[in-house]
Protein chains: 2
Amino acid sequence: MVRPGGRSARVQEAVHTAVRELQAELGRAELTIPLVAARAGVTPSTIYRRWGDLQELLSDVAVENLRPDTPPRAHGNLAADLRSWAEQFIEEMASPVGRAYIRDALLGAPDGDNAARCSAYAAEQIGVVLARAAERGEGAPGVELVLDRVVAPMMYRILFRPGGLTADYARGLVDDLLDDSAAGR
Amino acid sequence: MVRPGGRSARVQEAVHTAVRELQAELGRAELTIPLVAARAGVTPSTIYRRWGDLQELLSDVAVENLRPDTPPRAHGNLAADLRSWAEQFIEEMASPVGRAYIRDALLGAPDGDNAARCSAYAAEQIGVVLARAAERGEGAPGVELVLDRVVAPMMYRILFRPGGLTADYARGLVDDLLDDSAAGR
């Protein structure tokens with residue numbers, strides 16, 4: 001889905017805002033496309049044309065809610081940066097609100113790009129952390145390896161194996177990865 | 001959900017079979033609970049009472065379809081057993097049919113146990129592989145570590161980061177885990 005500026009961007013913002021407000025006011029079981037359209041000041045057919053159905057719209061809003069709005073905090077070394085990023089990630093994603101967003105994101109069209117956007121956000125944040133390490137001359141694993149070793153286990157457990165999703169667990173994933181990477185060099 | 005034998009088990013089997021047949025004949029968009037009930041020879045209210053809605057029923061059938069029906073193949077050593085299990089897992093789960101089952105499984109009630117049952121099946125199979133290694137006196141990682149290092153990355157990429165899901169990738173996850181475990185001992 002292309003998201004140019006101008007009218008299209010204004011429609012998207014109005015519709016997303018309407019969804020967030022109505023979810024908060026009415027709960028998500030009460031949401032309908034006509035309600036969202038009325039609140040956003042657009043016609044229902046505008047929404048159907050652009051998003052197809054309510055599930056796809058909720059998926060789009062969820063992914064937008066999962067978009068990080070700040071770069072990862074900087075602590076001066078790779079281990080501290082990655083640990084703090086992973087702790088924040090698990091805290092946000094394993095929360096009831098985070099779980100609901102992940103679930104909604106996955107409920108979008110199977111061939112759509114909503115779920116892939118979630119992963120791209122994580123990859124981007126990790127890329128920032130690794131670029132800082134490279135600037136300092138620290139050895140660091142690649143982005144894909146960090147996704148496999150740190151992000152994937154957290155998301156797998158959030159979706160399939162609830163329990164034990166603590167900051168300690170997140171830190172342990174980072175420490176094990178960095179230990180193994182150091183041993184392999 | 002308790003699944004005792006007798007009438008309850010027969011109802012479950014009839015309803016599951018009806019869902020599978022109707023999905024194959026009509027496609028899943030055409031499925032309704034009254035249609036499933038008629039094919040299974042039960043009343044719609046029996047289905048509503050037991051599963052709540054169509055999404056929950058489809059989720060239950062999907063998890064049942066994901067249940068392994070044979071123990072992992074035995075090749076005489078841990079590396080070969082784990083590699084062959086991971087290759088088969090990625091082949092099945094990353095296929096269009098596998099993806100549809102995983103998606104359906106996740107669409108069950110968020111507080112339900114359908115997704116957890118998928119993970120329990122994987123843990124059980126891995127447990128068999130690790131028990132064989134222990135009998136042979138081979139050193140081996142624990143089940144939870146195999147889930148984090150082998151299963152989680154495959155499932156994460158299937159759901160969030162499609163592409164690159166090859167048998168080579170699966171084998172690489174196993175080899176890296178066993179190398180790191182050996183180095184740590």
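Cβ coordinates are placed from backbone N, Cα and C, and glycine is handled just like the others.
Remember, TrEMBL labels are computer predictions, not curated facts.
Here TrEMBL flags A:9-69 as domain 'HTH tetR-type'. Per TrEMBL, the feature DNA-binding region maps to A:32-51.
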Residue distribution over DSSP helix, strand and coil in the domain 'HTH tetR-type' (A:9-69): 50 helix, 0 strand, 11 coil
Model confidence over the domain 'HTH tetR-type' (A:9-69), averaged pLDDT: 94
